[in-house]
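Inspection log for the structure reproduced underneath, given as structure tokens.
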């Protein structure tokens, strides 16, 4: 059987050791004769597991003590609503830095609430989101916060450093597709959120990291969307997604065994470099993304010929290189190289691309 | 090692065969060499799995074609908010039948929205929720819907038949703790919702069954809370909780193999009868719940002596009878006997209680 490599943008590949461990103990968690899927969220079995997951994440990201960590549901998309409801409580005005589809979705959901002034303060739309905005000039300084997307999953761009011009502003970041894969200082942000199905674990969990003094300022929010109520109840205001939290905990343990985020980032640099170098030297394939803004985790590429793209995707799939189709909004191909994606998979892809290039030179 | 029985009210015991199947195929779903936790929600692997889960649930509950089935996140508690936002769009008035803690939580969350008139149209609070309300007199008929809880998980009451006085009203039901364990006609309801962690599968999934002509009447809702948008996207408006949906699908398959809801209900009658009969004949233990309103799935009981209750719970735990502690709001003990809870576990409990009664007669 051909070995397969899963380039999916999410739900994405998980560390093999993590899946194996989950499999081994699926019928009896910590010798309890109960599956982790069956344990009560009011039991010590759960509490210990939950607390360890939280501690490990705090350690891995060096999250200061004055930040709460919440384990929520609904994905980043629900956070597009929840963040404004909780944080836009003073000026009722939010600035959005627009660097791609998910940045847009974030401010569109804020607009839907009809409660806030929603300003797009900078955008790279004119360059078709193939690059980022690095300088922001705020005409109005009265923002409750400025929102940005650290890694644009579809367009393949990534902030290594935050844009200039944001001094004194509270920054909120959607880190869904590069949390734990690239080092950031949590201190630079008022709030960070991320869907789990890329670098954290499985779909159905959203991690929110929020500076404690920013929350608890709005009353009458729906309880499930109230960060303060959730923080006060250690994210167990109602039944939390126990299994998804368990899987995140296993991934955090695995990350610690891999020497943490800095080591992961080094590996991610190596993996992505391998593919970018090939792309930049290929006469068939190319990266549409500006060099200094390229993502470590999501790498779109094209041949420039739609039919050839399709042929490539079909042949790659047959060769066990799965889920390389680009997002429908941008077309082409995309390789997502999250933390759990192995270096040998990138080598396999580049080898396959070289062969394909040779065979299809004249096209 | 003592065999354990898990009486947890949720997350609760799952069918052994289901856990075994999940374990067997956890590293390779349908021969894909990918875990079901790793598959893309845009892949055919996912779509087929999702569609089968939906079809099986439709079959099991005989859900008519004019109802949509949604797989959501956030638990019943988020539905306490989402249902009013979507359905209370005409009169902006909702009637609530108050039969316990979760009924209360439902109308409290509706009140928090400050958009609707929230009327408690009937309540059994005066009898401490040890019975239900069977007759409702609506002074105002202009309700968008009337909400009830079919099974009160904490208090141990259950509607076998809907209350009288609701003719012509749209009925919305929280069925979290007895969906698929007791037969209801879906046609009697405008909307049914249920957290998955009792009879459906694992925590992190909420099933919503809604008559299609009731939705799509409100604009500008947050997308994640908009039933119409969710229905139009087959619940994949963003990344759905793939693994939780997979587990629900396995439970639905298992239920079909057990001959469906009617067979489950018969078994639930047998299991609960065994315990109720003992309780009614015991000189130590008793059920606080009015006979005709007793739940099939959640059975509270007490000795009348708090210290003796605690002693019982401690000794039962040592004997492998786990999670029998009653909810903090009512104290005492509670045995939750969901579909996956085996008859032999009830026998083990009754045997243990008999022995405990003998030993503690003089207390």
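Glycine too: its Cβ is placed from the backbone N, Cα and C atoms.
For the pyridoxal 5'-phosphate site, TrEMBL records B:76, B:77, B:102, B:153, B:174, B:238, B:239, and the single candidate of B:51, B:197, B:258 listed with them is B:197. When the recorded positions B:42, B:198 are compared by the number of other CB atoms within 10 angstroms of each CB, B:42 has the fewest. The subset of binding-site residues B:102, B:153, B:174, B:197 lying near chain A, with Cβ atoms under 8 Å apart, consists of B:197. Taking a C-beta cut-off of under 8 Å and a sequence gap of six or more, residue B:238 (pyridoxal 5'-phosphate binding site) has these contacts in its own chain: B:224.
Its own atom aside, the Cβ of residue B:102 (pyridoxal 5'-phosphate binding site) has 20 Cβ atoms within 10 angstroms in the protein chains shown.
Secondary structure from DSSP puts residue B:174 (pyridoxal 5'-phosphate binding site) in a beta strand. When the binding-site residues B:77, B:153, B:197, B:239 are scored by other C-beta atoms within 10 Å, B:197 scores highest. Here residue B:42 (L-glutamate binding site) is positioned 25 angstrom away from residue B:197 (pyridoxal 5'-phosphate binding site), judged by their C-alpha atoms.
The two recorded residues residue B:198 (N6-(pyridoxal phosphate)lysine) and residue B:153 (pyridoxal 5'-phosphate binding site) have their Cα atoms spaced 10 Å from each other.
Listed binding-site residues near residue B:42 (L-glutamate binding site): B:239 (candidates B:76, B:77, B:102, B:153, B:174, B:239; Cα-Cα distance within 10 Å).
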